[in-house]
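Step one of this worksheet: look at the structure below.
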Amino acid sequence: MDIHIWYTLLSALVGGVMGARGRLGEIRSIEMLHKRFESFPEAFAKTLSPQRISSRPVPQDSEAATKMYASIFSPFWNEIIKSLREEDYISNREMDLLMMPSNCGTLRLVQWPLFLLTSKIMLANDYASDCKDSQKELWHRISKDEYMAYAVKECYYSAERILKSIVDGEGKLWVERLFQYLNESIERDSLLVTINLKKLQLVQSRLTGLTGLLIRDETADRKAGVTKALRELYEVVTHEFLAPNLREEFDTWQLLLRARNDGRLFSNILWPNDLEMKEQVKRLHLLLTVKDSAANIPKNLEAQRRLQFFTNSLFMDMPEAKPVSEMIPFCVFTPYYSETVLYSMSELCVDNEDGISILFYLQKIFPDEWANFLERIGRGESSEEDFKESPSDTLELRFWVSYRGQTLARTVRGMMYYRRALMLQSYLEKRYLGGIEDGYSALEYIDTQGYQLSPDARAQADLKFTYVVSCQIYGQQKQRKAPEAADIALLLQRNEALRVAFIHEEDGVSSDGQAIKEYHSKLVKADIHGKDQEIYSIKLPGNPKLGEGKPENQNHAIIFTRGDAIQTIDMNQDNYLEEAMKVRNLLEEFRGNHGIRYPTILGVREHVFTGSVSSLASFMSKQETSFVTLGQRVLAYLKVRMHYGHPDVFDRIFHITRGGISKASRVINISEDIYAGFNSTLRQGNITHHEYIQVGKGRDVGLNQIALFEGKVAGGNGEQVLSRDVYRLGQLFDFFRMLTFFYTTVGYYVCTMMTVLTVYIFLYGRVYLALSGLDHSISRQARFLGNTALDAALNAQFLVQIGVFTAVPMIMGFILELGLMKAIFSFITMQLQFCSVFFTFSLGTRTHYFGRTILHGGAKYRATGRGFVVRHIKFADNYRLYSRSHFVKALEVALLLIVYIAYGYTKGGSSSFILLTISSWIMVISWLFAPYIFNPSGFEWQKTVEDFDDWTNWLFYKGGVGVKGENSWESWWEEEQAHIQTFRGRILETILSLRFLLFQYGIVYKLKITAHNTSVAMYGFSWIVLLVMVLLFKLFTATPRKSTALPIFIRFLQGLLAIGIIAAIACLIGFTDFTIADLFASALAFLATGWCILCLAITWKRVVKTLGLWDSVREISRMYDAGMGAVIFAPIVFFSWFPFVSTFQSRILFNQAFSRGLEISLILAGNKANQES
């Protein structure tokens, strides 16, 4: 355990240093993005553009060089912004402010996106109005903010160009002479003499009115309005803005004077109709009118995060990008079974038991994205019924919701960004590299309109990229006309490069005439009519699904992949256009120098996108993010990184000739991902990790989902311990590499289990010493000799238990990517949200499933569900899931603590006892109540009452044939015993169960009634008492329905015995040394012994059934579960009486939502309640 702790600390430190050296986290806020935007075009051109583009001669003039780089950068930046708009992360107005001009026009300066220049003109006006200095000093003051200087220059040059383009004749002569005078004054540093700066705002208002008309479509009325606006501008400029001598010169200019008198001045307006001029007018208007702070653009946190990471990655070390025609071809590969493809309208609108629909939930969680969506489709506030009137809007709504869940539609959209990025890159490269001889001008190079329709770009992208989704049962879904099949067909129609592989079953006849099932592996695409068109069909020798479903799903379809690389993507992942632009650089890593051998697996960073609302989702998100960034960064450096998930890129040729990318043996390969890493490493492969590119990943967001996922992973690690792959790696690695591998795979779970075992060993040891009477003397001797080993072990155990060492890498990651203050604030917030309770609970989950797999094997895939989880989980559901993994163990530890406090010795009394056992009490509380602390509305009185009714109905419902465990306690109880299958497992369970006999054996001799009699007869007498209690229990649980002969006599006898027992206990207390304390101590002892007997009976089920005692065992087990449920339920009932507890709990659970200003109470209260109010 000490090595594990030291590795955790050192890996966090080393990972942080490596990340800093890799330039991670340099741009960690939108303010930093603003400040460094000027450097992005050059970094982009040198990083993401092929060398033939980025290495062309650079102008000596720095501004011209920046303009050249900006012309390369702008079309890509604009496509990124358009994709954000398509995904509804930004509004139309934000898109206008974020878009970057082409910088290929005749304007003499670099044009930056307007969000960098917003409000700069207003501030410059203020500076000018207050100016009492010279022109140089005013310009020096303005130039301190370089974007303000850019804004002033652009406003000046744009106004000049627009005014010259829209007027002719005398009006154009006036404009030309006006700007001639102004330019001469600027050159002579006499501008403040030429114009009256006090009137600058008046000129701006007239110019704003003019551009406000010009940005709209041309009509006769608007042309008249433009003429009027120009004349007003003329009056203000000539008679108020200019110096008296210039004013007099314009007033006495005969040509201008005649035009004014004749009404010809500005009468002929040349409306700006070409695209470039329209954009310039619109841009000038926004430059003059937008007053928002740049810090608010974009407002959406996800849009900010994506832009920050993308721009930060431009400065990170990555290989040179090849032209699309020369890049490594690759394929994306996604396994799919029967998860949600696309939400239907009925799924969106149906209310759950709390009155909340998925649509209502998303509207409240993502209000800005909902408003942007309505703006995009041209609707105001609309109800579900309004959407149903328009089929196109209905489909758009379904996709909008599906893109915010963990659906196949979201994954397909994200992966198809690769094709879009390659088309864009190919299209622009051809226009640049082709040059004038191919008929393309510089202006056409930046025109990306219609690039997705370019035959050349599409053909090039299709040569380099394919996407195969292996939908194993798509054929069966089509046959039964399942909605998933229709949705997959819709995705095929919308994405022409998408291919679907599936297993087709059909009836056939063997050579001897017998009917058999024939299996074919097929690949289909959508034809021009939207129907499935078969591309390939391969006859299989039989049913390919022999092992685990997911790897078998991958194995049958890998033959349909193309290219030299495969990126494995899970169906709950996402991708972004800006990240897809870097795929060429990533694939070049296969040709890079990464040690002795070329890489065989390229590790890719993940961003967990499900941590934005609840505290649990945030904990899981941060924990996973820490592992897939800092953790894997260190593992790759130490050459022990494996394959842990599905964004990694495989060398396709290497792996399909060495066993494939998935191992599918049943049970042993339950965690199929990591075996690909084992396989690659054992065959002298090289696995690297790269963080300049990232892929989105969905994670579980509810406690039950998280527990099932962690149970699956822990069980998978238990199977890895038994696998030959781990054995061979241990044999082949050198000592230090072997240690690193151990402590980052199965060793992590071994240490986790040791953390819990430390508590057990400590408490059982102390209880044994307390009951044997040696506690006092041994404690005194240890204190005399200065032996503090036990304290040190307990301190380490406590720190591991509450998740301190889990949090250390997270904190380092926060410091690196968010900054020190945000990291400290985030850590404190996590503590206030009871993250220690969550990590302690997770400790129990991992220990239970890992230990069970080691003892019995039989790990299994656990479907966690990937829906939207902000709903109340019933008490019975939680009890079923956590009863044996957490509750039983927590009550056992509580029993040990109670016995220890009753009979143990601690110097300093109760305070010393509390300090010594505080970690154990925290473990007990966490394991018992975490599922209810983290359960939405867990302490709401109405929910508590409903939970109690549901719990009692489940507990006393009689099982039967076909009754599921979720409906009946008896069925669930039978299912919980399924893991005990082997003779070896029964022997181990028997040995472990005997520990409960310690309680009875020790407590019997501590009772006052025994008068310290230590004979074996006393212990034997206690067993007689226990037997009598069992017989009495049987008699009291006998019912007239089972004993129909003498029902009245049975009831009379039960009442008589009850009175007799009470009288006997009273006599014992009154006339012997038996005390009430003895009564409770005996109850504790017999409870533990009874549980031991139950465990042994379940372990040797066949023997007990043969003896005819199984019904009695079942009834006693029911009473034990009823008692455990009552112990857990009582505090919940108590706290549910106080309304403020529920409010406090909601704040803890949904702090992320509250901090974003979301009304989580509306979600918890339900849609119906909200509508009624």
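These residue numbers are counts, starting from 1, taken along the chain as shown.
Quick reminder: no glycine exception, Cβ is built from N, Cα and C everywhere.
A TrEMBL annotation is a machine prediction, not a hand-curated record.
What TrEMBL records for 113-290 is domain 'Callose synthase helical'.
Positions annotated as domain 'Glycosyl transferase 48' by TrEMBL: 297-384 (among others). Taking H, G and I as helix, E and B as strand and the rest as coil, DSSP gives the domain 'Glycosyl transferase 48' (297-384) the counts 41 helix, 7 strand, 40 coil.
What TrEMBL lists as domain 'Glycosyl transferase 48' is 388-991 (among others).
Taken from TrEMBL, the feature signal peptide covers 1-19.
If you look up TrEMBL, you'll see 746-771 (among others) marked as transmembrane segment.
Annotation source TrEMBL lists transmembrane segment at 792-816 (among others).
The transmembrane segment annotation in TrEMBL covers 822-843 (among others).
Sequence-remote contacts of a segment are chain residues at least 6 beyond its ends whose Cβ falls under 8 Å from one of its Cβ atoms, and for the transmembrane segment (887-906) they are 756, 759-760, 763-764, 766-767, 769-771, 775-776, 779, 844, 848, 879, 912-913, 916-917, 920-921, 923-924, 927-928, 996, 999, 1002-1003, 1006, 1077, 1081, 1084, 1087-1088, 1091, 1124, 1127-1128. If you look up TrEMBL, you'll see 887-906 (among others) marked as transmembrane segment.
The feature transmembrane segment is assigned by TrEMBL to 912-934 (among others).
Residues or ranges marked as transmembrane segment in TrEMBL: 987-1004 (among others).
Sequence annotations record features per position, and here TrEMBL assigns transmembrane segment to 1016-1036 (among others).
What TrEMBL lists as transmembrane segment is 1048-1071 (among others).
If you look up TrEMBL, you'll see 1077-1098 (among others) marked as transmembrane segment.
Annotated transmembrane segment per TrEMBL: 1119-1140 (among others), in sequence order.
Against the transmembrane segment (1077-1098), stretch 1119-1140 has more CB pairs under 8 A than any other of 822-843, 912-934, 1119-1140. Remark: the transmembrane segment (1119-1140) makes no contact with the transmembrane segment (822-843), by the rule of 3 or more CB pairs under 8 A.
The average pLDDT computed for the domain 'Glycosyl transferase 48' (388-991) is 84.
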